[in-house]
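See below for the structure under consideration.
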């Protein structure tokens with residue numbers, strides 16, 4: 001409805017209708033043109049016609065609703081999820097103030113928890129927030145904004161010393177996690193402009209390899225926000241933008257403003273190009289390391305790691321690989337497994353933190369090489385040399401089974417980080433699982449109960465102490 005909103009995130013026009021249909025009660029109050037109007041609904045049915053209930057200088061709409069617990073199995077709101085989204089919106093719409101009040105959390109004085117979200121710097125502050133734990137290569141984010149054309153474009157970007165790319169894109173405040181034409185336009189302009197500057201400066205003359213788009217984006221954190229009157233999304237979930245005209249708009253804005261920045265800031269420009277050169281050299285070394293891992297697998301026959309206790313089943317859909325901590329856990333896991341379907345791969349100590357390592361170092365790490373070899377995956381498809389190839393995946397379930405302590409949690413995080421950065425297709429394909437080890441074994445005689453929480457432990461003790469003698473119940477903590 002262009003008469004109501006210049007741009008909107010709505011796609012089908014059913015947002016409030018769906019909320020109404022899924023609520024036991026809903027009340028909508030509209031403040032407009034000095035008047036206040038209201039309507040209430042129960043189970044989606046209006047209780048009365050829209051009525052005027054007073055006058056006010058306020059502008060906006062207030063929606064109050066209660067989820068229908070006959071439809072939802074759980075209607076508990078996660079504070080962190082809501083807070084993260086409101087923080088995001090405050091960065092995307094600089095200057096606005098958003099208040100989040102949680103009446104479930106009350107302090108000693110009986111006051112509920114209140115958090116205010118406000119950003120004067122907008123996307124600049126957003127990038128600083130995203131990179132707060134990383135070491136910056138240049139002091140302040142590059143900022144680009146243009147609303148001259150039909151598509152307003154806003155971009156902030158910053159280079160850091162990490163080896164990964166973090167690009168977040170938004171269309172009308174919607175997070176397009178799969179990217180789309182606005183991201184394609186940004187990448188095209190970034191690669192073209194930086195390469196042109198690097199060529200003119202002569203810094204690439206001694207480099208004996210071709211520089212690719214990936215090299216220009218290593219260590220980059222960027223936020224792209226566009227406003228589009230008629231957004232066209234691929235699929236129902238609004239995760240990928242399809243408007244072809246957005247690519248050109250973003251390309252032009254980023255190209256012009258980045259070129260100006262590089263010309264006016266030669267010191268920072270040199271630092272960025274040096275980072276690109278290092279990325280190209282590391283990429284070449286990583287390609288050789290990947291090829292070496294895959295060549296060794298071919299030359300050594302099956303090439304399976306020596307510590308892998310494989311399963312006898314040959315159908316990958318029925319096979320499961322358990323990644324466990326060390327040889328001792330591997331021994332216990334082997335005793336409890338079903339040899340037909342369960343394979344066990346013990347990992348020695350903590351694997352490499354791939355977030356802080358150059359790519360070629362990753363493929364030289366023994367534990368990571370063992371995981372790649374055991375899984376049977378390779379790198380390189382028609383989409384690119386770094387894309388994970390799952391055609392020979394040996395297990396359709398990969399279970400990370402670490403201890404229930406801090407070390408176990410750390411090892412699990414390191415493995416998940418490696419999968420997320422270099423084997424994302426495993427996660428997206430639903431192949432990665434996390435085992436939930438119990439914290440306690442509650443035992444009396446031959447009766448045993450495993451417990452995952454304190455509440456379960458207390459309930460198990462009461463259940464097993466039938467005669468009231470809790471001291472006769474043994475508790476083993478893992």
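Cβ coordinates are placed from backbone N, Cα and C, and glycine is handled just like the others.
Listed features, source Swiss-Prot:
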DOMAIN    319-438  domain 'Toprim'
BINDING   325, 403  Mg(2+) 1 binding site
SITE      350  site 'Interaction with DNA'
SITE      353  site 'Interaction with DNA'
BINDING   403, 405  Mg(2+) 2 binding site
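Positions of the features from Swiss-Prot, shown on the structure.
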residue: 325; record: Mg(2+) 1 binding site; CB count, 10 Å: 22
residue: 350; record: site 'Interaction with DNA'; CB count, 10 Å: 14
residue: 353; record: site 'Interaction with DNA'; CB count, 10 Å: 13
residue: 403; record: Mg(2+) 1 binding site; CB count, 10 Å: 16
residue: 405; record: Mg(2+) 2 binding site; CB count, 10 Å: 13
Tell me, roughly as an integer, the mean pLDDT over the domain 'Toprim' (319-438).
89
Roughly how many angstrom lie between the C-alpha atoms of residue 353 (site 'Interaction with DNA') and residue 325 (Mg(2+) 1 binding site)?
16
Residue counts (helix, strand, coil, in that order) that DSSP gives for the domain 'Toprim' (319-438)
50 helix, 30 strand, 40 coil
Give me the Cα-Cα distance between residue 325 (Mg(2+) 1 binding site) and residue 405 (Mg(2+) 2 binding site), rounded to a whole Å.
12
Nearest-integer angstrom distance between the alpha carbons (Cα) of residue 403 (Mg(2+) 1 binding site) and residue 350 (site 'Interaction with DNA'):
12
Rounded to the nearest angstrom, how far is the Cα of residue 405 (Mg(2+) 2 binding site) from the Cα of residue 350 (site 'Interaction with DNA')?
14
